[in-house]
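Here's what TrEMBL has on this protein:
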type	residues	note
TRANSMEM	22-46	transmembrane segment
REGION	58-92	region 'Disordered'
COMPBIAS	58-67	compositional bias 'Basic and acidic residues'
COMPBIAS	68-80	compositional bias 'Polar residues'
COMPBIAS	83-92	compositional bias 'Basic and acidic residues'
DOMAIN	118-357	domain 'Sulfotransferase'
DISULFID	C316-C328	disulfide bond
Amino acid sequence: MEYSPFLHILHVVPSSHVRNKLFVFCIMLSLWVYMIYCCVGYCSTVPNLTYSPARRHENDAATDNRDSSLGASRDLLNNENELDSRGDEWNEVRSETKAVDDNAMSGFLNETESKKLPQAIIIGVKKGGTRALLEFLRLHPDIRAVGAEPHFFDRNYDKGLEWYRELMPKSSEDQLTMEKTPSYFVTREVPSRLYSMSKDTKLIVVVRNPVTRAISDYTQTRSKKPDIPSFESLTFKNISAGLIDTTWSAVQIGMYARHLERWLQFFPMEQLLFVSGERLITDPAGEMARVQDFLRLRRVVTEKYFHFNPTKGFPCLKRPELNTKPHCLGKTKGRTHPNIDPQVVRTLRDFYKPFNRKFYKMTGHNFGWD
């Protein structure tokens, strides 16, 4: 049989040097695959925005349960399932993607990052300015916050803490994990449930003039349900007697002192921070200084991060280090309120006065709504 160089090559056993090189190559390939996996891993924190009929049925059932927990709350506002909330989630996902991109390389190099239960939560209130506050806080490098509202303690509590933890973004030991769900503040079961998770959780409540808040609440609903009754007819049980209907959630939410009493049964006042929704607009840097101090963070988010938009009527965000165009909140924010009968507004102001004064006394802070 003739000698064949080709056949000789096929029968050559690789040397130990070649085997070592192959081994190193396999290790490097595995590391690259792991890095790619980490890169796309954050997608698990982005909520599923598909709104299937089955999902809608689940949400409706959860909403019914929540309403019953509020007692006789007559909620015509469809607070949690309305289209505005889902539209905001898309903006939240985009913001979360930007935050992940900014920290992507540090995430690759820091294997100590993990998903943690939140150490601070924005618990309220609806139409108070919670979305603005969350977006402001997400500019801080020491904060990682989930975008869409988890509604764990009011609607998904039966799913357990591990389900809740999986919703959170990965964070390092030096970073604070946060979420916001405005309905927590007014839901009876939430304080005890949250206390069971952690008695040390820091709680933030964004409050706003309850009359203006109620009108904003109504305006949001009317933009999606133009055929709902007038604000005046929903506000009163008996309009001629001036009797306010406190079972309507738009009115009920603004009775801040009543809700706060429930929270103080579980958490001391020093664990709660009340942020002025009005000052988030007129002096966002000042309110952010208070929030950052409360969370024991460096004062990173300062006046250089804000640009007031006169068309929308509230501040937009900018990244001074990137010199980019200011980013404003979604089109669902800053709607024009309908004209409300001035007498109705005065009656509502009088109704809220005792609640406001009690709230000022409880918090030690005069918000100037009277």
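Cβ atoms here come from the backbone N, Cα and C positions, even for glycine.
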Cβ atoms near C316 (disulfide bond) (within 10 Å, other residues, all chains):
18
C328 (disulfide bond) has how many other Cβ neighbours within 10 Å of its own Cβ?
18
